[in-house]
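Copied over from TrEMBL, here are the features:
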type	residues	note
SIGNAL	1-20	signal peptide
DOMAIN	93-435	domain 'Peptidase A1'
ACT_SITE	Asp111	active site
ACT_SITE	Asp319	active site
Amino acid sequence: MLLPLLISFLLLIVPTFSTSRKVLDENHHEGIIRVNLRHVDSGKNLTKLERVQHGMKRAKSRLQWLNAMVKSSESESSSSQIQSPIHVGNGEYLMELAIGTPPKSYPAILDTGSDLIWTQCQPCSQCYKQPTPIFDPKKSSSFSKLSCGSNLCNVLPSSSCSSGGGGDSDGCQYMYSYGDYSVTQGVLATETFTFGSSKIKSIGFGCGEDNQGSGFEQASGLVGLGRGPLSLVSQLKEPKFSYCLQSIDDRKNSVLLLGSLPKTKNAKGAVTTPLLKNPMQPSFYFLDLQGISVGGTQLSIEESTFELGDNGSGGMIIDSGTTITYIEENAFDALKKEFVSQMDLPVDNSGSTGLDVCFSLESASGRIEVPKLVFHFRGGDLELPAENYMIGDVNLGVACLAMGSSSTGMSIFGNVQQQNLLVNHDLQKETITFVPTQCDRV
């Protein structure tokens, strides 16, 4: 089955299947914490393809770490040498929040692949340049250090309290590492955080006094939304949260919603699938992907391709911080072959974009046909609109598939494929629901 794409000077991509963009009437739902999100490249004069390329470059170290993680999980001897987990870090979306009393605003990276909430703090022995003044806890009346015996200190992957002794005068000292070798160190404390119009007291966070790495400069800290006890969703004891991501070339804000959202289960076009757990990587949200179809043809791939292995290998995670979707290499080879066979355009082999599958637009007359792409999850089939997987650039004269190959065995469902979908996590039922949505109307 082929779907139309409209090509103009700006490469306007129109919706390509009949699933409606449902507008959820949740604007003023009581109990929901609403936080605006913006893409890290927002406001820059970049094409959509250039934004994807920037995101792929940022994700390079993220993917390298995932590769190392998978290899270590496949080797018992390697796994036994890992003393503390390393987390994904970095990200593609920033959330606006405020910390302290009186509140000091700052932008933080949204990361569904890690747990710790942290910001840079004075006195800072080593801090990177950030867009806002560094937080000074001495100027906040609500700042309080956590003791070595606190629950949050005890669940840290690495702290100076674990060996005992030394007293509690300096509080719980933490160290938290990320996949690009970035690290934050400091004291674990509690503070009052303000998200939009909602003020939340006694949130545990890292007050980072030694922060190293190249991936944080666009923000003043990070907010982990993973499944571990240190994350924001765990501390709020709120089993439901959602986000809705605008197209990365849209100037409008995306949105994060913390709280219960009714009506998503029966919304038109909604697809609900189980969330799986991986004991080797407990912070990640794993999806139960069973197959992929291109243009009505289901790819002939092994049934076990997307299964989560007993040793923690394989599977598919959903990640807000990875730009494009990466598919296990054998499955991607099959997808690429089928996609090329159904496209009525010559393949572009110049390699100029950094993407694996591109087509030349030299012979295109303003409207092209692309195969429909469907992800078959346990519980439902998610049909993606063409703008969620095909990206064109008239200046380069190409249209490219915004997907890549994963040599790790693990697949990643990236944020380009999630755009204009309300992605609703229900951690109580352990499900995730995708609802086609106009994100600027949520």
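Including glycine, each Cβ sits where the backbone N, Cα and C put it.
In this structure, the C-alpha atom of Asp319 (active site) lies 8 angstrom from that of Asp111 (active site). Confidence over the domain 'Peptidase A1' (93-435), given as mean pLDDT on the 0 to 100 scale, stands at 90. All protein chains shown were included, and the count of other CB atoms within 10 Å of the CB of Asp111 (active site) stands at 27.
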